[in-house]
Ligand code: HEM
Ligand SMILES: *[C@@H]1O[C@H](CO)[C@@H](O)[C@H](O)[C@H]1NC(C)=O
Ligand SMILES: *[C@@H]1O[C@H](CO)[C@@H](O)[C@H](O)[C@H]1NC(C)=O
Ligand SMILES: *[C@@H]1O[C@H](CO)[C@@H](O)[C@H](O)[C@H]1NC(C)=O
Ligand SMILES: *[C@@H]1O[C@H](CO)[C@@H](O)[C@H](O)[C@H]1NC(C)=O
């Protein structure tokens, strides 16, 4: 019922009505930060957006399979820092410090050109309608599918931040590869993700590569690592800090461009590349889940999808908060 049709004409009761309505709206909103994401957000405003995103990701992955891994990681690093709001995509300027040079990202995150290419195609199709945050969410799903992983429906309606948070990205909100199991569980819990979600999401390391600097300590000093595997990796990653830091190794030595459960099989034989990989199977509380995923690819796919949806619903900007960026690299 519209407020104007309330019988009372006293200004007291009409402002009481407005207050009651405001409180009601607040209550409806509380704790349901993802309530406004939906399957059909763009079905009238940009019906072809999903096909457009997919076509660009498809040609990028055909050219370089690893780029699918890089895009998936961008989404993770975006979502953990103040929610899935495209904040990671913002470039630094003389007066703006973004997240790209923070410890978790510097010299490491990649794939921004693909996001730009998608954005410019989508802007031609439906100008000012589709957020960069949604593009990243959909492109991540498409990357997983194109590399042989499971499909899921991505809810959309996210808007783009006008801010970034260097400090968060620089100080462990995104856990470092030196993390132990407790660190990992805590960092994911802080995002509303369970230990089970954390293990399933770590399965993303079935694709992509890491730099020597990310795994040096594990291959030289780790106790829970297969010696043959460690020696092989040491040949491409010198012991001395600063030497060969950017040399790359695949995260899944079996099928590095195929999204499957081999990552968990590797952990069973102590061939996780990062310390944070191997701690998932080192006599602790997550051992049995790693065993389950290693034997049951369907169980992994299903839990991975559940966790990706949860991560993707993390504190999105919706309604009139944030904006739809014209260019993913800068605020309007
Ligand atoms: C559990 C905690 C995690 C830690 C400590 C971690 C850490 C890392 C590190 C250190 C790298 C290599 C970066 C480099 O050396 O340049 C990496 C790569 C990667 N991470 Fe994670 N990660 C975690 C969880 C995740 C999650 C949740 C996802 C996505 C769902 C993900 C997806 C990836 C992908 C796909 C790559 C390869 C990227 C490429 O080849 O460009 N990671 N991760
Ligand atoms: C990022 O890496 C570059 C190149 O290694 C380095 O010069 C710069 O200081 C790093 N930035 C931060 C904020 O650590
Ligand atoms: C940035 O992230 C830190 C750490 O998570 C948080 O305490 C802080 O409130 C954030 N800053 C802004 C401006 O959102
Ligand atoms: C994990 O690492 C933290 C430091 O980040 C340390 O305080 C804690 O004792 C470690 N926990 C275990 C179980 O090793
Ligand atoms: C291995 O551990 C020792 C002792 O903690 C440390 O001094 C050394 O820098 C580590 N080596 C590597 C390659 O991380």
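Our numbering is plain: 1 for the first residue shown, then up by one each step along the chain.
Placed from the backbone N, Cα and C atoms, the Cβ positions cover glycine too.
A quick note: this is a predicted structure, and the numbers were derived from the prediction, not measured.
Some features that TrEMBL has for this protein:
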- 1-35: signal peptide (SIGNAL)
- 36-332: domain 'Plant heme peroxidase family profile' (DOMAIN)
- 46-126: disulfide bond (DISULFID)
- 73: site 'Transition state stabilizer' (SITE)
- 77: active site, proton acceptor (ACT_SITE)
- 78, 81, 83, 85, 87, 99: Ca(2+) 1 binding site (BINDING)
- 79-84: disulfide bond (DISULFID)
- 132-328: disulfide bond (DISULFID)
- 175: substrate binding site (BINDING)
- 205: heme b binding site (BINDING)
- 206, 252, 255, 260: Ca(2+) 2 binding site (BINDING)
- 212-237: disulfide bond (DISULFID)
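Shown here: features listed in TrEMBL, placed on the structure.
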residue	record	DSSP class
46	disulfide bond	coil
84	disulfide bond	coil
99	Ca(2+) 1 binding site	coil
132	disulfide bond	helix
175	substrate binding site	coil
205	heme b binding site	helix
237	disulfide bond	coil
252	Ca(2+) 2 binding site	coil
260	Ca(2+) 2 binding site	coil
(message) Counting only residues 6+ away in sequence within the same chain, which have a CB under 8 Å from the CB of residue 132 (disulfide bond)?
(response) 86, 89, 115, 119, 160, 325, 328
(message) Can you give me the residues near the recorded Ca(2+) 2 site, meaning same chain, not 206, 252, 255, 260 themselves, Cβ no more than 8 Å from the center of the site's Cβ atoms?
(response) 207, 254, 256, 258, 259, 261, 262, 263
(request) Show which residues of the chain containing residue 81 (Ca(2+) 1 binding site), separated from it by at least 6 in sequence, have their CB under 8 Å from its CB. (result) 87, 88, 99, 164, 165, 168, 169, 173, 174
(message) I'd like to know which of the binding-site residues 99, 260 has the most other Cβ atoms within 10 Å of its Cβ.
(response) 99
(message) Checking the contact step here: among the recorded positions 126, 252, 255, which have a Cα within 10 Å of the Cα of residue 77 (active site, proton acceptor)?
(response) none
(request) Cα within 10 Å of residue 79 (disulfide bond) is the criterion; apply it to the binding-site residues 85, 205, 206, 252 and give the hits in sequence order. (result) 85
(message) Can you tell me which of these recorded positions sit near ligand 1, meaning the Cβ is under 6 Å from at least one of its atoms: 73, 77, 78, 175, 260?
(response) 73, 175
(request) For residue 85 (Ca(2+) 1 binding site), identify the closest of the recorded positions 206, 212, 252, judging by Cα separation. (result) 206
(message) Cβ within 8 Å of the Ca(2+) 1 site centroid (78, 81, 83, 85, 87, 99 excluded): which residues?
(response) 77, 79, 80, 82, 84, 86, 88, 161, 164, 165, 169
(request) Across all the protein chains here, work out how many other Cβ atoms are within 10 Å of the Cβ of residue 237 (disulfide bond). (result) 22
(request) Within 10 Å of residue 84 (disulfide bond) by C-alpha distance: pick out those among the recorded positions 73, 126, 175, 205, 212, and say none if nothing qualifies. (result) none
(request) Would you report the average pLDDT that the model assigns to the domain 'Plant heme peroxidase family profile' (36-332)? (result) 98
